């Protein structure tokens, strides 16, 4: 055998590893798959009206095309955290990538909204694994100090995806929307080959029973069902059914009760859960708990804004999907360099608290300005407000994981990192569904008295979001009325994020600015050439 494992200390701490060509090959593959998952979270936003218009009419609300991706993406992340211990990093990440690519094929070949929603669900299942495992594997290979750089680069991937995804969505919506999904196949194939050939990480040996316990089947089943129920409620509420309808509040109540039951199963010792995916001690540490909260809030704000801004430009400024993506550049462009700069500063200084303060301050100021957008907002105003918000969003991308991992023991690496990925994506669920629901609910409420004129033109409760691209074709008198309603509703949706940004800033006072040591904290080790075959205790290769 030409590749063997290096011996690790009992506490899972090892010196910084040499960054040879194999490390960079693995890192490139992880960046590719992270790019795919991030791309499909946001590319659909600008293309959604065109996709819905191209498919046969359906009673399924358009925002289910988004929600169907987010639901399994959120719920699968803790599952893949457990799988990474039971099946190993390699088998788990390859499985996630294959599932994602299969979902992409289903979406690309869909001839109805129903099939597209199913395909998006399969995509989301794989995307959740990709999101969690890329960060777990990078934590296996880097020290806490240098992790800021590499997570800054991964954050850079998410920022770049947020930057170009709306553009690609706009381009494909005008030519052939299935290419939004076909484009994943060649990129995913390259990453798959690299991972199969070069990713060889050993994890501590587990017995068959321990592997099953690591999966936490009961806890994950409760979590999946609870998230599903909540998402059904927030997706249908105010759009397909009134909030007072039992078909909305019953699943909402059941889902919230289920989330409480999930935490009870996870945190109270018992036979149902021997190896919780969300162990209580992750949140018993104040610094880790605050960092998880901030990760969640960042996900709410970032993904909510990136979905609503293109809708504003399409509906109010008469932009095409492609043009609306270009006009969103001031929001996404600052995120790209600032995510990397923030990661570099953390690696140089070993500190993160001041950067977190700066990130939240910029985000709160920028988001607060967005709430003033109206029909008459000038180019300078919408550009500068996006730049400020985007700067804060970019700074926050790489800097909430280091305090989590620095404050928790090494044996919690997989659970801590999967919970981090879950927190951001769960935030995305609430950000996207919350913002679009507020927008659609407020717009529909104000437009109902005029549905007699609008419904024959295709605008009703079910088409409020999809109709954004078509407002410019309305008769002038109706266009003025509807644009005013849409602008007010979009402003209402932005107000969701203002108190959350303020909470994020205030919670930073509770963080401890822990030092980030320059050693690797992980019980899993990348095989290195030249090591003796018996250099370590028997472990499973995956």
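Note that Cβ sites are derived from N, Cα and C of the backbone, with glycine treated the same way.
Keep in mind the model is a prediction, meaning the values are calculated, not measured.
The N-linked glycosylation site annotation in Swiss-Prot covers 285, and the record cites sequence analysis as its basis. Contacts of residue 285 (N-linked glycosylation site) defined by a Cβ separation under 8 A and a same-chain sequence distance of 6+ are given as 407, 408, in order along the sequence.
Taken from Swiss-Prot, the feature transmembrane segment covers 24-44 (among others). Residues 51, 65-66, 69-70, 73, 93, 97, 100, 104, 123, 127, 130-131, 134, 137-138, 141, 150, 153-154, 157-158, 160-162, 164-166, 168-169, 172, 180-181, 184, 187-188, 190-191, 194-195, 198-199, 303, 306-307, 428, 526 of the same chain, all 6+ positions outside the transmembrane segment (24-44), place their C-beta atoms under 8 angstroms from a C-beta of that stretch.
The feature transmembrane segment is assigned by Swiss-Prot to 51-71 (among others).
If you look up Swiss-Prot, you'll see 98-118 (among others) marked as transmembrane segment.
What Swiss-Prot lists as transmembrane segment is 124-144 (among others), and the listing cites sequence analysis.
Outside the transmembrane segment (151-171), and at least 6 residues removed from its termini, the chain residues within Cβ reach (under 8 Å) are 27, 30-31, 34-35, 38-39, 41-47, 134-135, 138, 180, 183, 302, 306, 310, 320-326, 328-329, 332-333, 335-336, 339-344, 346-347, 394, 397-398, 401-402. If you look up Swiss-Prot, you'll see 151-171 (among others) marked as transmembrane segment.
Under the heading transmembrane segment, Swiss-Prot lists 215-235 (among others). Remote same-chain residues near the transmembrane segment (215-235) are listed as 61, 63-64, 67, 70-72, 74-75, 78-79, 82-83, 86, 248-249, 251-252, 254-259, 261-262, 265-266, 272-273, 275-278, 426, 429-430, 433-434, 437 (criterion: CB distance under 8 Å, separation of at least six residues from the stretch ends).
Only residues 6 or more beyond the boundaries of the transmembrane segment (248-268), in the same chain, are considered here, and those with a CB under 8 A from a CB of the stretch are 216, 218-219, 222-223, 225-234, 236-238, 241-242, 276-280. Feature annotation from Swiss-Prot assigns transmembrane segment to 248-268 (among others); the stated evidence is sequence analysis.
Taken from Swiss-Prot, the feature transmembrane segment covers 296-316 (among others), and the record attributes it to sequence analysis.
What Swiss-Prot lists as transmembrane segment is 326-346 (among others), and the listing cites sequence analysis.
Under the heading transmembrane segment, Swiss-Prot lists 355-375 (among others).
For 384-404 (among others), the entry in Swiss-Prot reads transmembrane segment, with the evidence type sequence analysis.
Within the chain, the transmembrane segment (490-510) has long-range Cβ neighbours (under 8 A, six or more residues past its boundaries) at 286-287, 290, 293-294, 297-298, 300-301, 304-305, 308, 311-312, 315-316, 353, 356-357, 360-361, 363-364, 367-368, 370-374, 392, 431, 434-436, 438-439, 442. What Swiss-Prot records for 490-510 (among others) is transmembrane segment.
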Check the DSSP secondary structure of residue 285 (N-linked glycosylation site), expressed as helix, strand or coil.
coil
